[in-house]
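Features reported for this protein in TrEMBL:
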type	residues	note
ACT_SITE	Glu185	active site, proton donor
ACT_SITE	Asp318	active site
ACT_SITE	Glu451	active site, proton donor
ACT_SITE	Glu488	active site
BINDING	Thr575	Ca(2+) binding site
COMPBIAS	24-33	compositional bias 'Basic and acidic residues'
DISULFID	Cys392-Cys438	disulfide bond
REGION	1-34	region 'Disordered'
TRANSMEM	41-67	transmembrane segment
Amino acid sequence: MADPPPTLRNRKTAISEPQQPESPDSKKEDHIPQKTPQTGFLAILFLILGVLGLLGVAGAAAAYIYYQNPGEYFWIVPPPPWEAVPGDTEWVVDFSADVLKRDAVVAAFKHAWSAYERDAMGDDEYHPITRKGSNLTAAGGIGYTVIDSLDTMLLMGLDAEYARARAWVADSLTFDRDANFNTFETTIRVLGGLLAAHELTDGDDLYLERAVALADRMLPVFDTPTGLPLSMVNLAKRVGVADADNHGLVSTAEATTLQLEFRYLGYLTDNLEYWDKAERVMKVVRQARLPNGLTPIFMSPEHGKFMTSEIRLGSRGDSYYEYLLKQYLQTGSVETVYREMYEDSMNAIHENLIAVSNTRKLTFTKELHPQRLDYTGQNTWVRALKQDHLVCFLGGSLMLGATTAGALTPPSVPPTSAELTPAGRRDWTTGIRLIETCVDTYRTASGLAPEIVHFRENIEKGSDWFIKGARPPGEPPVYDARYILRPETVESLFLAWRLTGNPRYRQYGWEIFEAIEKHCRVPGGGYASVLNVEQVPVVWEDKMETFLMSETLKYLFLLFTDDSVLPLHEYVFNTEAHALPIFSPSVRTGFS
Ligand SMILES: *[C@@H]1O[C@H](CO)[C@@H](O)[C@H](O)[C@H]1NC(C)=O
């Protein structure tokens, strides 16, 4: 079994993660201490032996080390106490719109869209500095940006812009493109965007017809020995294509983030093929469960097993967890198999991946990396105190899970402790804390968060988190230092706002929006990525990711609009923020 190569493509970008020079600061990995009950006993034993002088200086020294550095030897995350938000007491829940802020977000969307429409209408992607569009492949565009933006326009009431976008879909969109497209990205952005547009137009047939046309071209990706989908698809030839960059493996998140879309399409069309192919993937994943419940980021489509690979909540892992919960919610909380898988995963995450920083006790998630350490060829796990911005979806997701899968009764806003199960209480608290950490990573020179941060744990000296290998302003910035208009933190803020009514979350969202306006807005139109969040004035990268219009600005809009828009008990958002309705399927659901 070959290990996947160290260089991984990042979710939602085609950019390879470049190798970074190591800074002296960067040696963050060490062995996971064994959690054994004997260690506490040993500490006492050493202490007694040391005091009695039987082991002399050695015993006393060992006791002293245990006493001074308990965190180095006892890897225990104490169950967090119940809390609303750290530092908060009470607030008045008022879900009416903040009209000025909401309209400022709508104006930002128009600034982004009008530049794209002026310079690149119909192209897959947009470059606001050079004012050019580009396509994912030389074979021509597949409506990446237009379709990703449709439901945001519908929600914002941008009728004229929407009418022109719809006309483009009706007249110019084709999927007859002879090139390889990423299965996951095409599903979440294009299929998800079409289905959400269908929903928010009360069933405009144009979108369902295009969704069926796309899905039928994609179905062959599932034709593997296990049913796990291949990473790419040639849309013209209608064949799945293995990912040569990763030895033909499939990433866990990519295989398990097609289900909301294919299941809903199956429901709308009564064509169960879509449903069954997506569901079968989940069966394979469940059968591949590791004893500790953790989920590595690569699987083999040949035998359906997890491959020795990193375990993390960032790229290639993230939306697996998100979709476990949302599959449960999508069909009205009747498919208990997904709740079980979700709870199992959240338990494993709390036991293995949640950590707390050195000084300010910020809650974060770490990663586990396999390393072949000894001559037997056995793998050992080392931990990396590294968190992608992508992980910032998790805070809101945990809170959503706590008030649904983790609730004993339909909970209040905010929920009371008594309304939640013990796991729900734990997840709620972790969710709140993770959001505070993600917001903290926006406290940079620009007010924007870096793509990747590293944390310090336990007795290490220095700030709680840092950008690995960061160089002084003026020097070429490291990859980790960029902000590419990512949505995950504002997504969590939106969920936390709807679930608590705490105005703190609107305030955080507004600060992030203001930083985007100040540093990413290109005066001539559009928004650009920032290469180093710690350098002001900023240096731009000539790219406006499509998720700015589909996710970041949509979640900010939803944060400031009133709560009658897309209520959480009626909708689930796919991982590209496309709103899909919760429904009761007419067919049998779940599996065992
Ligand atoms: C993208 O593809 C479309 C459709 O083939 C084409 O009209 C357009 O010129 C392409 N854009 C670029 C920048 O190549």
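Just so you know, glycine gets a Cβ as well, placed from its N, Cα and C.
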Around Cys392 (disulfide bond), which residues of its chain at least 6 apart sit with Cβ under 8 Å of its Cβ?
Leu434, Ile435, Cys438, Ala449, Arg486, Glu488, Thr489, Glu491, Ser492
Pick the one among the active-site residues Glu185, Asp318, Glu488 whose Cβ has the fewest other Cβ atoms within 10 Å in this structure.
Glu185
Cα distance (Å, whole number) from Asp318 (active site) to Glu451 (active site, proton donor):
14
Cα of Thr575 (Ca(2+) binding site) to Cα of Glu185 (active site, proton donor): how many Å, rounded?
10
Sorry to bug you, but what's the C-alpha spacing from Glu185 (active site, proton donor) to Asp318 (active site), rounded to the closest Å?
14
Quick one: of Cys438, Glu451, Thr575, which of the recorded positions has the smallest count of other CB atoms within 10 A?
Glu451
Return one of helix, strand or coil for the residue listed as 'Ca(2+) binding site', based on DSSP.
coil
